[in-house]
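**Q** Structure below; questions to follow.
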Amino acid sequence: LAGAFCIPLYVPYVLTGRWIFGRSLCKLWLVVDYLLCTSSVFNIVLISYDRFLSVTRAVAYRAQQGNTRRAVLKMVLVWVLAFLLYGPAIISWEYISGQSIIPTGECYAEFFYNWYFLMTASTLEFFTPFLSVMFFNLSIYLNIQKRTKMRLDVFQEVHNQSFTEEMERSPEAKLSLKCCKWEQKESAETLDLSKSKAQAAASSSSLDAKDLLATSLDSSRKLKCCNKKSCKNSASTLSSEKQVKIVSQSTTQRFRLSRDKKVAKSLAIIVGIFGICWAPYTLLMIIRAGCHGQCISEFWYETSFWLLWINSAVNPVLYPLCHSSFRRAFIKLLCPKKLKIQPHNVLQN
């Protein structure tokens, strides 16, 4: 809208220094221009607030996600508030004050040099939205950091569970534990029997007894080692099943965290560009109104003015770049055939 209506009317005005389209079209141009720029700001606040709810209050947000009526109401409210901020003042200022201060061949708002009105409007149009968007973005970032720490703590706690807890909870582990205990008991009985045989043979040959006793001890140690290996094998089977579950959970958590981080990153980019485009104009407009245009060069004011339109031109590119959902929506609007699957192509493939 800015490129189709506002800029084509403003370019001849800048090049010639004279408004040639009449008083009525001048007011319409001013209303549309202020409306588009202000609604752009308010829409950034609304989108940031929506992302804030989706991250900090995910359950309530998903429950209301299908409510199209509420979404449309919010979008309409943005445009209504944007119009009320400047529209009535542009239309009715000269009638309330009783006279017009705009010379013939010029086109700007009646409140162009009213410092009090501009300060109030700038607070509502730039300072409050900018602080609000920064608050939402910072809250999202802190929430992601807190959630990351909590999920890592939970993952570490689950990952560090001892082998004994696994053995107690799993029926297979209990069976393998009983098996290990029975084999260890059997090995102990074998060791006692071997010892008694060795002691009985000690009377005939002390050397043979020592060899027999050593052999029985070695066999017992080997049996115990075998038993330990079998227990470890059963434990590794159980822990591998649990590790698969843990890995799947951690993968899901990491996906959610990466998605939330992308949201915070995209908001930071949008907020940064919004501040770069709007801060110069807002500050120069307030200073210009205070000194009645004597202390600000026309070049710098025009540059800051064009930055507002650059922000309106950049935003439609920023959102598809930063959000996959916006990309899909834009593709659906501009190239709907790309999202449709042709039945005969599917059958041929």
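A Cβ is built for glycine as well, from the same backbone N, Cα and C atoms used for every other residue.
Remember, it's a predicted structure, so these values are computed and weren't measured experimentally.
For reference, TrEMBL lists these features for the protein:
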- 1-319: domain 'G-protein coupled receptors family 1 profile' (DOMAIN)
- 28-50: transmembrane segment (TRANSMEM)
- 71-93: transmembrane segment (TRANSMEM)
- 113-142: transmembrane segment (TRANSMEM)
- 263-287: transmembrane segment (TRANSMEM)
- 299-322: transmembrane segment (TRANSMEM)
**Q** Are the transmembrane segment (263-287) and the transmembrane segment (71-93) close, by which I mean at least 3 Cβ pairs under 8 Å that are 6+ residues apart in sequence?
**A** no
**Q** Does the transmembrane segment (28-50) come close to the transmembrane segment (299-322), meaning at least 3 CB pairs under 8 Å for residues 6 or more apart?
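**A** Per Cβ check, the transmembrane segment (299-322) touches the transmembrane segment (28-50).
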**Q** Grab the pLDDT values for the domain 'G-protein coupled receptors family 1 profile' (1-319) and give me their mean, rounded.
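**A** It averages 75.
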